[in-house]
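In what follows, a structure is listed as structure tokens, so that the remarks can point back to it.
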């Protein structure tokens, strides 16, 4: 079926629907003239930083009918919309952005929180039974238990029997800790103290999993344990932090349903300062109800 037959079918269908039939465009009279192609809404550039705000706002749909609608849609979500297609395939810039975001997510899982950064924050650092990142990824069970050195350090250097114990751990996203720390921990500790609660010594657990907070709470006699841990990164979002709070945790009896989780803490989700206020209120309600997770009443 050639182009002329396709145009005839289109005209006959539109005529049967009572719509105006588009007139065929007359070919150029100049010998050797090439058909002109309308300019796309955005040009692809190899020099563009694929992680920049400009790259994220890029619209790859060529010749849109309502460009303003696409612009508004692009501003309203971080999802991969309005990227356009090249036949059945994604456009080059959309594909490169996808690959760049995937690489960034892998990097943040494999990166380490620098020891210098931990010291600069004035945090006590302890470890789980894990000794390196590779074992952390392959042996999650060992990331749920403190090393003997960590147990000794916590017993000797931390406040015992606090109302609330705050713990920071790298988890699966180093960037989540380093990017959000300054905006969540100071207001969180200040809010807990203003509420009249006895706050334990905050410390950093390297290679920690969520369940490690059960052993910490039992060891220190904490009523509520709040664990701030890096979330598993998504494509292009490597700075998302989670808070796992649990009341009176015990290694042998606490289950996942006993935890209350606040996730997606970062500048593009729940702002860290706002999350700090929510966590303070959550800790107060846990102490009032003496419960957490599904056992709490709303």
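Any Cβ shown, glycine's included, is placed from N, Cα and C.
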Candidate from 199, 205, 210 that Swiss-Prot assigns to the same adenosylcob(III)alamin site as 231, 261: 210
Residue with minimal Cβ packing [other Cβ atoms within 10 Å] among the binding-site residues 210, 261: 261
Chain-mates of 210, 231, 261 with C-beta within 8 Å of site centroid, adenosylcob(III)alamin: 171, 227, 229, 242, 243, 244, 263
Listed in sequence order, residues with CB under 8 A of residue 231 (adenosylcob(III)alamin binding site) and six or more positions away: 171, 172, 173, 176, 240, 241, 242, 263, 264
